[in-house]
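Written out below as structure tokens is the structure these notes cover.
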Ligand SMILES: NC(=O)C1=CN([C@@H]2O[C@H](COP(=O)(O)OP(=O)(O)OC[C@H]3O[C@@H](n4cnc5c(N)ncnc54)[C@H](OP(=O)(O)O)[C@@H]3O)[C@@H](O)[C@H]2O)C=CC1
Ligand SMILES: O=C(O)CCC(=O)C(=O)O
Ligand SMILES: [Mg+2]
């Protein structure tokens, strides 16, 4: 299964998938596709609004079921985890294409609208990954990739010891400070109940299953404390004359983080939101959706100019704000999904602590990361770099990650258990007999969150960590904070399950996240490797941070999810869907997306298939693809950054070329050798011609008929402009 997703990876698929299909057909492998794009997810949820020929199946549910079977072999590209603004844009685009789907009702007025909103909420945010990731995560840079990075080091900013960059976080009232946790002893049920101060009781989530051995926790973000913190930090940045930025994961933490983002925006523009409260109310303007949504909604109203001026004044009077796009005036506060902490803090660390200012220049910044669960290790990272300077990609070691992720582990599975409360009261998690398992006092506006992690995934995670430590003969550190209620429950389990394995000769440690960061940096500065073994959120953050520091990008990562029921999910890299690459492609026909992650995933997928399906030809394809990947790196055929160089399409040609050569040169399978010898010869003969056809397609605007739901035919045409290459590939089919 090959997934059709969004943005740059979806564009790349139009060029790469025909190569994959043509090559794998020779080993009797059929590649099927499933559309899990944002547009696809929307359409599959609203069949009753569509004409017969517009209806599509629910590919995500289907793949989620497949992921639980031993046969699963899924190559998963990054997809959009949509913010409300992106969802609304996608809806508008689909409507303009003749799909009669409903608008997104932000403030539903009746039951029908409530149902529509509930369906759209399923599509929002991190809707795909938690469903498909039925296994723990194994992300690392293969040796060849790491060696390539050492030989071709990326640009690294310098860290000054007097850098003004720092992390600002809360000191109380955050999730970290309020967390409580317990381990469940026997199978049962839980529900979440809110007892308001005024005596009314409401069920926030009705009975769901609990499994013996699972760890549950609850925590609260106090909204008043958050706003006070934001206010103090804004004042501090102004007083220190340092630029301000905010780093959240509003996509993946789709319920909590947009609210936290909104609280920061509302505090920064407090005067504007107070003065125009009535206007904003009547237009359903919600700070959680950022400034862009506000601008969209005030367009054309009589006070438009006045409100825009008030926002400009607030920006002029406050501290400088980090920019997403200086030329277009897009600030950190425009869209909640523009600055995503895993990528943004990594980019900051790579650039010597800088972000972009309004003049398009790099500047130090105070980075708001409100919750101490994660702020601490970023802070430790920044302090270390101020003290010891930037890392040197030519010499540093590597930090692979083993991440606890299966069965919607931890915060990522908390979407249906996160609520913003409208009144003061107490939220209880209670069992089927009414016993209170966890309890939290809340005030109106607070965010309550409950998370779960099952025992089987924890056991699997410990096993995976020991195996990786053994296989790579590398120390492994469990990043767990004994002062955090949840982590201290996990530590008990890790200590217990480690005893199931022979760990003699292995260096396996459990360290607080701040110390783990310091120790990891100390080790990699010596050129040695160390595995980070982490929970789900840290997995996400660390697998962007270290790859971006080591390799310049997380696109070059091998990212495998050994599914717990025996199948394999092969993700492509550790980064996202790179929206700015699409912009460049549309404007100038140049796609900078690096598909190395896809190449690595395909290799791992073929190897898995060879082993589980006893397909010897697939093993030959896997081995020769491995050779091709190595040559691809050695010859440096990844996309360059500018028009005139090899772009994504050209990089696919070279991969196919080297793969065909390796297949022609191998002797294990005579049939494959015979098939690919003429293909390799044709590619050798036509290399110059193919290249010139591909490069001739650059430098002009591309029309693909949409952003979220482009026309298949137009995109295909744009992404496969070399007739010569297409003709050679057709010979394989
Ligand atoms: N697995 C998944 O499905 C994931 C999905 N996402 C989603 O992706 C979207 C964008 O997320 P964002 O956090 O901005 O992260 P992105 O990784 O998309 O963008 C950050 C930057 O990473 C670099 N980059 C990432 N992948 C590649 C690649 N293959 N080739 C070249 N450069 C690459 C580019 O940086 P540079 O300019 O420095 O080269 C890019 O501009 C969001 O909708 C998010 O939810 C995010 C992460 C994972
Ligand atoms: O699921 C998402 O929203 C993004 C996932 C992600 O960033 C990751 O797994 O690295
Ligand atoms: Mg990530």
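Even glycines carry a Cβ here, placed using N, Cα and C.
Of the residues proposed, 522, 525, 641, the one TrEMBL records at the same NADP(+) site as 76, 77, 78, 79, 80, 81, 129, 576, 577, 581, 592, 593, 594 is 641. With 540, 544 listed by TrEMBL as binding Mg(2+), the candidate from 313, 338, 342, 359 annotated for that site turns out to be 342.
Selection of the binding-site residues 126, 130, 132, 539 by a Cβ distance under 6 Å from ligand 2 yields, in sequence order, 126.
78 are the recorded positions among 76, 78, 127, 130, 131, 412 whose C-beta comes within less than 6 Å of an atom of ligand 1, given in sequence order. Recorded residues residue 139 (D-threo-isocitrate binding site) and residue 592 (NADP(+) binding site) have their alpha carbons 23 Å apart, per Cα-Cα distance.
Annotation for the recorded positions 133, 139, 249, 539, 592: lowest Cβ count within 10 Å of the residue's own Cβ, 592. Cα separation, residue 592 (NADP(+) binding site) to residue 126 (substrate binding site), rounded: 25 Å.
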